[in-house]
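Peer 1: One structure follows; several queries about it will come next.
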Amino acid sequence: MSNLNLATLDISEHANLPTSSEVLFKAKADKKLSFESIAAAIGRNEVATAAIFYGQAKASEEDIAKLAQVLEIDHAHLESLLSGFPDRGKSVSFPPKDPLIYRLYEIVQNYGYAYKAVMNEKFGDGIMSAISFSTTVEKETDKDGNNWAVVTWRGKWYV
């Protein structure tokens with residue numbers, strides 16, 4: 001895989017990320033691994049794997065062991081960095097400065113009430129969990145050669 005297609009991290013632009021992020025991203029870049037390949041090696045999906053790198057998801061003991069192996073990071077060191085609880089939501093300023101992250105917020109801003117209305121009609125009054133939750137990102141190319149991002153959110157419904 002070309003190094004141009006690898007997500008890397010300039011920690012100076014992300015002051016609120018945990019120390020584990022710098023360690024994980026450095027190993028990822030050094031080994032030239034994509035989130036797809038790391039996810040396959042640890043048995044998680046790409047977004048869940050990336051969330052661990054950004055300190056937004058808790059790594060299990062199994063995740064830590066597999067990440068240490070695939071990234072060639074000392075297990076005890078990685079365990080000490082990842083054994084705590086994530087400090088979710090702190091890594092992005094509001095409003096977001098990154099255009100892609102801003103567009104994700106914009107989608108919720110523009111369609112949030114529409115999502116809510118349709119979900120309430122389908123499921124009744126309740127909420128979609130962001131804890132019992134999974135998400136995927138797929139690439140779709142149409143007949144004209146245009147690339148489309150397909151983002152799926154799957155959350156348990158609570159009444």
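In case you wondered, yes, glycine gets a Cβ from its N, Cα and C as well.
Swiss-Prot lists these features:
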type: ACT_SITE; residues: Arg103; note: active site
type: ACT_SITE; residues: Glu106; note: active site
type: ACT_SITE; residues: Ser129; note: active site
Peer 1: Distance between Glu106 (active site) and Ser129 (active site) at the Cα atoms, whole Å?
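Peer 2: So the Cα of Ser129 (active site) lies 20 Å away from that of Glu106 (active site).
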Peer 1: Run through the Cβ atoms and count how many others sit within 10 Å of the one on Glu106 (active site).
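Peer 2: Within a 10 Å radius of the Cβ of Glu106 (active site) lie 13 other Cβ atoms.
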Peer 1: Any idea what the Cα distance is from Arg103 (active site) over to Ser129 (active site), rounded to a whole Å?
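Peer 2: Per the Cα atoms, Arg103 (active site) and Ser129 (active site) stand 21 Å apart.
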Peer 1: Near Ser129 (active site), which residues of its chain come within a Cβ-Cβ distance under 8 Å, counting only those 6 or more away in sequence?
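Peer 2: The answer is Gly155, Lys156, Trp157, Tyr158.
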Peer 1: Taking the Cβ of Arg103 (active site) as the centre, how many other Cβ atoms fall within a 10 Å radius?
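Peer 2: Counting Cβ neighbours of Arg103 (active site) within 10 Å gives 11.
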Peer 1: When DSSP is mapped onto helix/strand/coil, what comes out for Ser129 (active site)?
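Peer 2: It is in a strand.
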Peer 1: Using DSSP and three states only, what is Arg103 (active site)?
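Peer 2: In the DSSP reduction, Arg103 (active site) maps to helix.
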